[in-house]
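Here is what TrEMBL says about this protein:
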type     : residues : note
REGION   : 1-34     : region 'Disordered'
COMPBIAS : 18-32    : compositional bias 'Basic and acidic residues'
TRANSMEM : 52-73    : transmembrane segment
TRANSMEM : 161-178  : transmembrane segment
TRANSMEM : 184-202  : transmembrane segment
TRANSMEM : 247-263  : transmembrane segment
TRANSMEM : 316-337  : transmembrane segment
TRANSMEM : 349-370  : transmembrane segment
TRANSMEM : 422-441  : transmembrane segment
TRANSMEM : 466-483  : transmembrane segment
TRANSMEM : 489-511  : transmembrane segment
TRANSMEM : 523-542  : transmembrane segment
Amino acid sequence: MAEEEGPTVELRQRKKLKSSENKESVKEEKISDTPIPERAPKHVLFQRFAKIFIGCLAAVTSGMMYALYLSAYHERKFWFSNRQELEREITFQGDSAIYYSFYKDMLKAPSFERGVYELTHNNKTVSLKTINAVQQMSLYPELIASVLYQATGSNEIIEPVYFYIGIVFGLQGIYVTALFVTSWLMSGTWLAGMLTVAWFIINRVDTTRIEYSIPLRENWALPYFACQIAALTGYLKSNLNTYGERFCYLLMSASTYTFMMMWEYSHYLLFLQAISLFLLDSFSLEQSDKVHEVYKIYIFSLFLGYLLQFENSALLVSPLLSLVVALILAKCLQLNVKKGTCIAKIMKVINFYLVCTLTVTLNIIMKMFVPHKENGHMLKFLEVKFGLNMTKNFTMNWLLCQESLQAPSQDFFLRLTQSSLLPFYILVLIICFLSMMQVIFRRIKGKSLKETITLEDGRIGGRPEIIYHVIHTILLGSLAMVIEGLKYLWTPYVCMLAAFGVCSPELWVTLFKWLRLRTVHPVLLALILSMAVPTIIGLSLWKEFFPRLMTELMELQEFYDPDTVELMTWIKRQAPVAAVFAGSPQLMGVIKLCTGWMVTSLPLYNDDDLLKRNENIYQIYSKRSAEDIYKILTSYKANYLIVEDAICNEVGTMRGCRVKDLLDIANGHVVCEEGDKLTYSKYGRFCHEVKINYSPYVNYFTRVYWNRSYFVYKINTVISFQS
């Protein structure tokens, strides 16, 4: 009996094993079915190595040459090495002056810890206000630069200003290298990277603001974002090996977190990227696991950034966190349904609706329970920008008048067309988009598609990294069409996508498959065009634009502003150390940098209190009484007032956008509905009247210095009224 029972028990155990290991057996069958690739011959391996080596060398060389070009151009533009320290510092204008001034403060601090403490508890910059400058102004680049400057012993070799701008120029070189690599990964040829760099430099007026303002946060942050996109492009590729995936994942994690630390608006840009990945996940089923790994990177970076940015609540209430949490929750609730069935299509629609609803709901809940400073002025600006609201508020109208916040001009599109960038970008985008839609509709209909896409297939829209880039560039382009300042986020990727397309044989094959060419083999013609077209473009760009670049480097320009130099010199020599200066925010930034004196306002637009201060100080150019201006200035403990002739006598190119016009509208001195008709005001414009030196102006203000551009008045503490 015992012998008979043995086999039955063994059979039951086998049945259990079969049911529990069903998934593993399927995987084993797939692995056994896939053919094991044969080892490539030595000459093929050598060709691959040579191709990679030359491409890497070209990428690094392009980045280094661009950094050297920026350095040489900056030297020629400002004649930097032949100027004194004060004249060099004046070249930093507006908010750039504020960032560099804190870098100087860190170098002057007795220790790094003491310097950080003084910045996080700063009460020596803005009067009657203690600010955490590191958190409010994202000063992590300045902290890192000051540490590197002192730790490397560079203080004995190079001046602080050269070290600072050298780091920024070096990051721009990394930026260009990352764009090179991204285009190379997408097209398979480093020729696309060379064309990307050429277009980027030729169109640098529209690709970067490094020439106008070196310390801008975007100049520190966008190179890391470009590295993140390069790593993400490699990570999404279907034919990447395990080691390549790990490297791309680690690089993507590090660059995402660094990007988030460098720029306060970085999470909005990552939000657009997350939307692109969500749509990619909806359209492409193969890379779902990889996309969700990227979501984990977002969450890790957000919470680590929240902790290291002094519990920055803006990251907790950001739409990025709400979207990623919604996507992960939707993934957990998603049912395993057979692909291609009607139920699977319905589940896709339900999942899409669920993600959108959860995102909005979570964001509302987070804002209800997490204390945060809402950027109310940004929301109001968008309402007025899109015509949803009307306002006479000075700050809102001033922002609307800024060129960077208006729609792109025709000159922008004309410049991109003259360099042949825009026509090729539109061509590449149309082909990739139509191919992507073709693949999506085939999947919706349930048609089976090959997992590995070959060149002969002519299906470039089926590659996950291409789908992601098409969606991402459309989102960025849509924003750039509304606000010109966002073109600096979009145009670099226009260069990259256009260069990838013209150098990709797969794109040309896709086009020829649609045209149904029969006279010439599509693959052969595509290979020829993918080499010939970029070569012709490169030669034409070299002939037309290279002489211009060389001319720019040969011309010795000069930044000449003697009036500002004289003003700063007078302040350092004559004004008391404890003095507080009032004036336009842009000038106050320069005063803080060049003299270190306390000011009443700063050229920063992310703080409601500072925005209100700016509006109140700007009243010196309005039609208000001397007593009103005196009360405003003394409420901020100001000792000196600086009136700028350029603002007082401004002749703006746009009607109604001069500072004094905006102030008149805000104060009710102009009736907008009746054109430029002035309402009754018994006071003249303050900046004009105070120069005449008559009562009651001389009772409140005493002129102590003036030149062609600036008039400095001491605010009297004891008021004596003259008859």
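Just so it is clear, glycine is given a Cβ too, placed from its N, Cα and C backbone atoms.
Keep in mind that TrEMBL annotations are predicted by a computer and have not been checked by a curator.
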Check the transmembrane segment (349-370) against the transmembrane segment (422-441) for contact, please; criterion is three or more CB pairs under 8 Å, pairs 6 or more apart in sequence.
no
Between the stretches 52-73, 161-178, 184-202, 247-263, which one has more Cβ pairs under 8 Å with the transmembrane segment (523-542) than any other?
184-202
If one takes Cβ-Cβ under 8 Å and requires six or more residues beyond its ends, the residues near the transmembrane segment (422-441) are 283, 413, 416, 449, 459-462, 466-467, 469-470, 473-474, 494, 497-498, 500-502, 507, 510-511, 537
For the transmembrane segment (489-511), the distant same-chain contacts (Cβ-Cβ under 8 Å, at least six residues beyond its ends) come to 175, 179, 182-183, 186-189, 191-193, 195-196, 199-200, 203, 206-208, 222, 226, 229, 269, 416, 421-422, 424-425, 427-429, 431-432, 435, 453, 455-461, 469, 472-473, 476-477, 479-480, 522-523, 525-527, 529-530, 533-534, 537
By a Cβ-Cβ criterion of under 8 Å, what residues six or more beyond either terminus of the transmembrane segment (247-263) are in contact with it?
138, 140-141, 217-218, 220-221, 224-225, 227-228, 230-232, 234-235, 240, 270, 293-294, 297-298, 300-302, 304-305, 308-309, 315
State the non-local partners of the transmembrane segment (184-202) in its own chain: residues 6+ outside its ends, Cβ under 8 Å from one of its Cβ atoms.
51, 54-55, 58-59, 62, 66, 69, 176, 230, 233-234, 237, 419, 421, 465-466, 469, 492, 495-496, 498-505, 530-531, 534, 537-538, 541, 545, 549
